[in-house]
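Colleague: Not my notes, these are from TrEMBL:
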type	residues	note
BINDING	R82, 105-108, 171-173, Q177, 224-227, R407, 418-419	substrate binding site
BINDING	E101, N103, E325	Mg(2+) binding site
BINDING	E101, K262, 321-330, Y332, 355-358, E382, K409, D415	ATP binding site
DOMAIN	161-259	domain 'Glutathione synthase substrate-binding'
Amino acid sequence: VVNYAPFTLLPSAVPQALFEQAYAVQQDFNLLVDAISQNKEFLEQTLASTIKVDDFTARLFRIYMQVLEEGLAQTVFLGINRSDYMFDCGLDGTAALKQIEINTIAASFGGLTSRTADVHRLVLKVLGKTKEASQLLPNNPAKGLALGIAKAWELYGSQSAVVMFLVEEIQRNIFDQRCVENELWNKNIRVIRRRFRDVFEQGSLDGSRRLYIDNQEVAVVYYREGYVPQTYDQQNWEARLLLERSRAVKCPDIATQLAGTKKVQQELSRPGTLEKLLPGRPEAVARLRATFAGLYSLDEGEEGDKIAATAIADPERFVLKPQREGGGNNLYGEELREVLQKIKDSPERTSYILMDKIKPQPALNYLLRAHSPLQVSECISELGIFGVYVRQGQEMVLNKAAGHLLRTKAIQHADGGVAAGVAVLDTPYLV
């Protein structure tokens with residue numbers, strides 16, 4: 001069944017200063033993710049407690065170690081990430097930009113959001129608001145993401161090789177991917193779409209670890225799958241290992257996927273960590289730190305005990321986050337209290353992090369969704385900035401912000417994005 005993607009009837013107001021701040025820090029986030037992905041010692045130390053209790057992260061980590069021991073065949077690295085923010089409303093009414101998370105694998109909606117501003121421009125014109133319509137910014141992340149993939153393909157250095165989109169068995173979000181795919185076809189780059197199962201059945205490496213699927217050499221593997229445990233059975237894990245061992249440019253490679261874990265995010269907020277990862281870049285460190293919300297470790301020991309007790313006593317202040325991507329996994333309020341109460345004395349609590357709950361200012365809008373009644377709702381928005389970088393050896397060849405995504409949801413939904421069926425696509429109207 002084909003349904004239209006859900007969207008807001010009207011664009012939503014976004015403070016211009018915070019919007020510009022989010023764009024200005026994106027290249028710093030790209031550098032940071034890339035630095036983490038190259039820092040074995042940091043990943044080992046940071047994830048040590050998590051991999052004891054979180055089987056999914058542990059299995060990714062085992063592949064990471066195996067590939068490193070064997071020696072990386074990959075020399076070109078491509079990162080496509082999306083850093084997500086909310087606007088935290090202080091007691092005095094001023095809003096501040098606070099990072100929710102950074103997505104380093106399968107960061108979606110770059111395609112559909114490239115179409116959203118046109119829809120809102122039309123709606124405003126129909127309402128007689130031509131001046132307001134002209135103020136909506138152009139936005140085309142699909143083009144920016146394709147630019148990164150194309151650069152990685154070019155540096156891989158084989159004209160006949162293809163780009164492989166690694167996709168789910170049942171793909172609800174196909175049109176979002178098609179936008180990026182079409183940009184690549186326009187550059188005369190061949191694209192194939194395959195599942196983990198196809199890689200297991202038809203994938204192979206030659207003597208120099210070039211990846212072949214159906215006798216086609218693969219230059220770039222763009223993951224739109226592989227970030228949730230449910231994806232993997234034994235044969236899919238084997239397919240993932242095959243991909244990681246290959247020379248192909250993985251977006252992301254497994255180290256970059258690990259760099260996007262919640263545990264890493266929490267570790268970055270510790271004093272001194274950013275300085276170690278980005279030596280000699282004090283301005284970048286200051287820009288990054290300005291976007292951090294309060295993040296707390298639940299590792300075993302006094303510090304973890306104390307914060308767990310605080311959160312149980314006052315759960316409305318916090319969000320409890322497991323090491324998962326894809327939305328809809330976080331715990332709030334009473335549910336947070338119950339789970340923490342249950343695991344507070346067990347090592348299992350180290351598979352979560354705690355974060356200060358951000359309190360944005362709600363606004364009214366209409367959410368248009370297939371088969372649901374149209375009514376005005378109190379809504380909050382989340383701004384994502386897409387980042388793209390390409391590194392060859394130690395040289396950063398490309399590093400840029402590639403566009404934005406605004407998602408809006410009714411305030412009664414604590415958690416979940418568009419794919420989870422909660423949020424809808426939106427366009428920022430800068431104020």
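Placed from the backbone N, Cα and C atoms, the Cβ positions cover glycine too.
What does the local environment look like for each feature on the list?
Modeller: Counting every protein chain shown, the Cβ of E325 (Mg(2+) binding site) has 18 other Cβ atoms within 10 Å.
For Y332 (ATP binding site), the number of other Cβ atoms no farther than 10 Å from its own Cβ, over all displayed protein chains, is 15.
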Colleague: For the binding-site residues R82, R172, K357, which one has the sparsest Cβ surroundings, going by other Cβ atoms within 10 Å?
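Modeller: Least crowded of the binding-site residues R82, R172, K357, by Cβ count within 10 Å, is R172.
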Colleague: What average pLDDT does the predicted model assign to the domain 'Glutathione synthase substrate-binding' (161-259)?
Modeller: 97
Colleague: Quick one: of E101, E225, which of the binding-site residues has the smallest count of other CB atoms within 10 A?
Modeller: E225
